[in-house]
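These features come from TrEMBL:
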- 137-156: transmembrane segment (TRANSMEM)
- 168-188: transmembrane segment (TRANSMEM)
- 194-214: transmembrane segment (TRANSMEM)
- 256-275: transmembrane segment (TRANSMEM)
- 302-325: transmembrane segment (TRANSMEM)
- 357-378: transmembrane segment (TRANSMEM)
- 384-403: transmembrane segment (TRANSMEM)
- 424-443: transmembrane segment (TRANSMEM)
- 455-474: transmembrane segment (TRANSMEM)
Amino acid sequence: MQSEASTLTLRPHLPIAHASDFPKPRTPDTPSSDEFIFSTKRRPARLSMDFRPVEPEVLLSGNSNILFNGGLPGLVWSTIFAHVGQLFIVLSLAEISSMVPTGGQYRWASAFAPPRYQQVLSYFTGSLCSIGWQARLTAICYILAGVVLALVEINHDDFSPTRWQRNLLTFGVLIVVSAFNALAASHLSVAEGLFAICHVYALVPIVVSLWVLAPKQSVADVFFNCTDNGVLGSEATVHISEEVEEPETVLPRCMLWSYLANLPGTLLLLLTYAFNVSDLEATAEAIVPFASVLSMALQSDAATTGFLVVVMSLLFMIAVSTMVTTSRHLFAFGRDRALYSAPWFGRVDARLQVPLNAIYSSVFFALVLILVTIATTAPLNTMMGLAVATLMTTYIIVIGCLIRRRLQGDGLPRASWSLGRAGIWINVIAVVYSVWAFFWSFWPTMHSSSAADMNWTFLLYCFVVAYALCFFISGQRRLRQRPMEMMPSWTPR
């Protein structure tokens with residue numbers, strides 16, 4: 001019997017996703033997976049929203065490890081190198097999203113992987129991508145909790161923040177972000193517009209204040225005099241592509257231009273921050289490095305508080321944007337029956353018109369990650385390391401499969417946004433950078449690390465892979481279809 005929710009509509013012509021929407025198991029008459037590669041159907045919009053997330057940097061609020069490992073030159077050059085390397089990944093993913101404009105990495109892996117490995121690579125790519133976004137969400141909430149504690153510390157001299165307070169506050173921040181995402185879904189586009197305006201105009205007073213008031217570092221200190229206290233120190237829109245008209249054209253442009261639009265502001269903030277750090281050691285040890293720099297430059301608790309409130313508001317919207325991407329990816333992954341208990345993950349709340357179960361799952365995973373990292377002195381390093389390791393693995397798999405298909409001369413889906421002849425070289429550079437970032441994501445921040453300050457990313461990564469493997473093997477009999485076989489064919493406009 002069809003449930004009551006399945007008869008309701010989010011829009012007059014768009015029914016809510018229901019278990020009965022899922023296709024029947026494959027029969028001999030079902031087209032082969034290769035046929036689906038060239039004609040991929042995107043689902044009708046299931047979620048009533050026109051939200052397009054922005055990916056601004058969180059560079060100013062979480063750079064203690066870089067300052068500790070490489071000093072100011074390490075911060076400047078590593079940030080520039082990371083943005084250049086990430087650009088090749090964005091270009092590669094933009095072209096792929098033009099070919100297969102729905103679902104994200106797990107559909108792309110199924111589209112370009114050899115038929116023999118389509119199922120396992122698609123499952124692992126989707127699982128790791130989901131874990132990566134969950135870890136990233138937790139890390140951003142952790143940074144936001146640090147800003148809140150920094151505000152308290154600035155206004156109360158006798159307050160000394162502790163790790164358990166920050167972990168507990170991280171969970172509180174996560175609850176607020178989740179509630180905002182669920183209850184204010186219809187206003188997300190307005191909030192994102194306000195965020196974009198604040199993101200641009202908040203840059204001016206911060207930059208001017210630091211250049212005018214803060215003591216200056218020399219060019220040599222910023223670019224060349226490295227310190228050695230330790231070891232070498234856009235994709236979001238594809239997960240809501242079902243809600244974008246003509247995604248095969250819009251998505252690649254949004255991915256690229258949203259990335260490029262942030263580069264000038266990032267470079268300006270980076271150089272401003274680097275030239276105006278007056279006490280490198282104190283800044284590196286601060287709970288939020290940027291708060292320390294502002295406090296030393298402004299010499300006013302009220303002014304520092306005002307700037308930090310603006311930064312906190314921007315970080316909150318970044319967290320909301322990340323929650324949107326995280327929950328929508330989990331929703332899409334479950335909707336396509338790529339997850340076990342898929343109807344539960346792929347259910348949309350009839351009243352709120354958001355995937356509440358996917359949001360609940362994101363909160364639960366973040367809580368587990370907070371508890372796992374509560375004993376370490378470098379929880380942010382572990383959270384971001386897990387996010388980098390898992391997401392870079394998905395990029396390596398997806399872009400690697402695309403390179404293999406190019407080299408073997410196999411046909412590719414028609415792309416309305418193509419890299420042309422340079423595509424193969426851009427793909428290779430993207431994979432090389434992904435492998436480099438993947439390798440360094442497991443390293444600790446210091447030469448000699450104890451259990452408390454060790455980077456536990458490798459252990460968590462191995463656990464996630466083993467857990468996904470066990471689920472895949474145990475449930476393989478129920479997982480007969482590849483994601484690319486879930487959709488009827490369509491012809492891009």
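Quick reminder: no glycine exception, Cβ is built from N, Cα and C everywhere.
Between the transmembrane segment (302-325) and the listed ranges 137-156, 424-443, 455-474, the one holding the most Cβ pairs under 8 Å is 137-156.
Residues 82, 85-86, 88-89, 91-92, 231-232, 384-386, 388-389, 392-393, 395-396, 399-400, 402-403, 406-407, 455, 457-458, 461 of the same chain lie 6+ residues outside the transmembrane segment (424-443) yet bring a C-beta within less than 8 angstroms of a C-beta in it.
The transmembrane segment (256-275) is in contact with the transmembrane segment (194-214), judged by 3+ CB-CB distances under 8 Å for residue pairs 6 or more apart in sequence. The listed stretches are 137-156, 194-214, 357-378, 455-474; of these, 137-156 has the most Cβ pairs under 8 Å to the transmembrane segment (168-188).
Most Cβ pairs under 8 Å to the transmembrane segment (137-156), among the stretches 194-214, 357-378, 455-474, belong to 357-378.
Note on the transmembrane segment (357-378): residues 65, 131, 134-135, 137-138, 141-142, 163-164, 167, 170-171, 174-175, 178, 181-182, 323, 326-328, 330-331, 334, 344-345, 347, 386, 444-445, 452-456, 460 of its chain, located 6 or more positions outside it, place their CB under 8 angstroms from a CB of the stretch.
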